[in-house]
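Accompanying notes for the structure given below.
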């Protein structure tokens, strides 16, 4: 404890920050008990006065600053000006948008200042003000929304909506504002939900990787350490040296840079005072001890860790610093933003510092200042400084102010210009490694506000062809694209026009007409108009009717079934229903016929003379020539059960009704054949027939599996009486012959087809053809128990000739003589739709249709059915006809409403064809009221055709060509622009995760491998070739793909510096520095990079985390190396080993003269590191349990129970805090022979542990 200081008397207004400082001061000087008392007293004081003060919020407390009206008016004037410049074509769409966003951002900022001033100056005791400024509730940005304005919001895609919410919650929002406002609110909610999940998982991984880091030693006596300086981003201080030193231990003596006096000897602990003293002395960097360089075994020592931040003293032995580190990094995770808003334009506060004139005066540039003209992002003309120099502002009364201009700064004034106070005259570009502007390419569409014709004024289109051969038009430089107003008619496909350019059209006159033409011709059927006023015309190309057959309808199970009865009594089942379409070759009906039904499954054989062809679409075989089908019945049971359930033997003769397999009975008598595989019974076949035993195989006089005709002697004494199929079988009684019965089914050559009459249009014919199909081929075995149908007779639609691709419609037609009888008719229709007449709308004129045919008329192919005319909405002159190939697609009429008549006196300064902007002079005192093109200029009047100029920036993609006709809202061009990315694209949690998981960043920068001088060559296709001429004369080329450079030609670069923008890849840093400066340096540089990067993310969100927490995690990530070559050691190539372990083994090798192991450092992400820890219990409880345990079992691993997690899992006391000593004592009790030495000299405790519980009890007794 420091000597007791004098109590301080603090008498001032105190806010949240001040309160924190007060408590912290009390704590470090007076300890816990007295601080607690102080806090208690403060609480009572606070409550007492809060109760008396009765601070509450009423609507009256929400005071809107008076300056709001003026601020909004100014902003709206600026925006109005930008809109006017945009309409005149002086700035592009992007520049307008940027200007709007920046103006509103500025206004919001100014208003926030106004709110602050209003509360602090005019009304310091306002409840809302007191709450916000004291830090009790709310903050300035929330108060701004209550009494200032809500400001700009982003849409769900993250683009800023250029309509700000001007109202605040005190005034209330209107409907539009309310909806825009809800966008942002919803995003906030969704983000928070995602954040908590992400951050929880991050914490879990961190705890797992660091849970075994415990302070186990007093001092590891290492001479190494890390250099701490202040962490800055450009000119902005992120963490000061003083802040970083507190709670650290000096790694070597700290010496005053001027006097040489030792400010702090080695191993000094820095407290607030000594840290402040060192920072004041001007020391740039101090070497401190750090967990990163601690040489304690698998832990850290007290000196390297430094203070335990909980009580500002050196950390105690046995403290679980790993878990503390993990929680310190994980907990603020929720406060980090998930993703950056992708904000179209980013406020430039980040990358440029605006300079405003403090007084009126005249600008002077120094001679060194070199600047070139350029266009700002608001479309103003300005200069950009190429070389540094100074610029001074000289006031009339001798005042003078000089500023240093950095390269890349914007100068908004000219040399010698006079400016007024408050004018912004420059934007200084910040210099510094981290202040680099990273930009990305983005596109913005330009839509036309009016319909009309495109005219390129000074645009020079340039065509680029990519590798696929697609051509794209680009604007080669800044230029104007005009849209000259007119009425554009979109013509439907196939429309023809007789108009020519310059032709006149009256209102209601015909612009174009389309014709409806029949392709095949035939009989006409006119349908009634439908609800929408359209009509269908059907043309019957061909039809066929079954004139003698009657259609019967039956209903079953709620569905209709149709059958067809012919005059000779055959019945066909219809396979189609009325109103459906049938294609060529499709089956229309199938005969209902049981002559070809079998009683069971069996074998099918074709007799001589049957000829078949494969039918369409896997539908069996079509009979070409008739004959007889031979059918050998057999009964097949598919079983698929265990063989033990079989009740009969292979080859046994069974009677009908016998159980062959459990619960399966045969329906016929016959010989059993069994198919089995792997003791699974597949099927049981029963083959009926006469069974005769054979004495010798030679007795069989007929070939096996052939037919025996009636009267054939099969074996001596057996003669067949009818046709049989002969099979030789093995029975339990011996060899036998089975004579199987054969059924014969005759097949006619041609099936009966019902009579039909057809009406055909020349060239296409249609009929129904009878067809016989056999589903099986010769020799097929049909597995079935019930019967099957061997032959199907079908009616098939046949369409011949050119109409084969058409489909026929099914119709049921009442008979002419007897309407109660219904006949089947198939027709081929050509259906033509006649559109209803439409009134004119924005894109089309009105249409009028005439039908030119009558119902029932017969017409030839190519006849015109109807004609549709497109009529003009207004009278006008044809000015443009846009064609695609030969067909006209759009027609432009210029009507009276597109022209402006301007009476003018005096001499005209314009001639026909000139393009004017609104406000340009027509004659001396006469300005044009509209932008456009002069059509007529005669004495006394000028006629201007209204137009609208659009400024297109160089490099923009043009989507129209000169002379195109476009409708309103068509896309004219894509402006390509670069927008600044705020800091880094990935911010917040995802970035922390990316760093800690050691992932390669998406758009990573290119790093310099060896120091040297940069040479940049520009290629013809605008890309760069960067090479570094190294100090030893070697040259390395670096490929740059689509990234912007951050170095300039001739710049000297060091190892590991970045050439392009974007985040670095930590693996590259490790590789480059290891190759250049050795293992230790490589590991150190990547450790430094990771610690600083993680700190930057947290600091940018205003979260303070001490470096040492991040260092512990990074230490765990970099503690392993990969063995490349094991040398004479026991290590295997590719193995991941602790660096310490390899160093110790290599020291031993140096003594014995063996070859040392060779290794490269690896950076493991936290997940990988957790899974690679020595403790398999810890790794298995984290992820991939099965894999970890299986591998541990195969390798025969032991778990040394060093960490907390392993011990918790198996239910022992954890080796931290008071449990730490139990270990030390436990190890002393054990006899030497029970110790097993491990390579690291860490002792494992065998099972003969002197009972953990005893120690706990002994301690209790003390």
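These residue numbers are counts, starting from 1, taken along the chain as shown.
A Cβ is built for glycine as well, from the same backbone N, Cα and C atoms used for every other residue.
According to Swiss-Prot, the feature Zn(2+) binding site maps to 220, 294, 301, 304, an assignment based on sequence analysis. In the three-state DSSP scheme, residue 294 (Zn(2+) binding site) is classed as coil.
The binding-site residues considered are 220, 304; of these, 220 has the fewest other C-beta atoms within 10 angstroms of its C-beta. Between the binding-site residues 294, 301, 294 has the most other Cβ atoms inside 10 Å of its own Cβ, all protein chains included.
Annotation note: residue 220 (Zn(2+) binding site) sits in a coil segment as assigned by DSSP.
For the recorded Zn(2+) site, residues 220, 294, 301, 304 set the reference point as the centre of their Cβ atoms, and the other residues of that chain within 8 Å of it by Cβ are 217, 219, 222, 289, 291, 293, 295, 296, 300, 302, 303, 305. Secondary structure from DSSP puts residue 301 (Zn(2+) binding site) in a beta strand.
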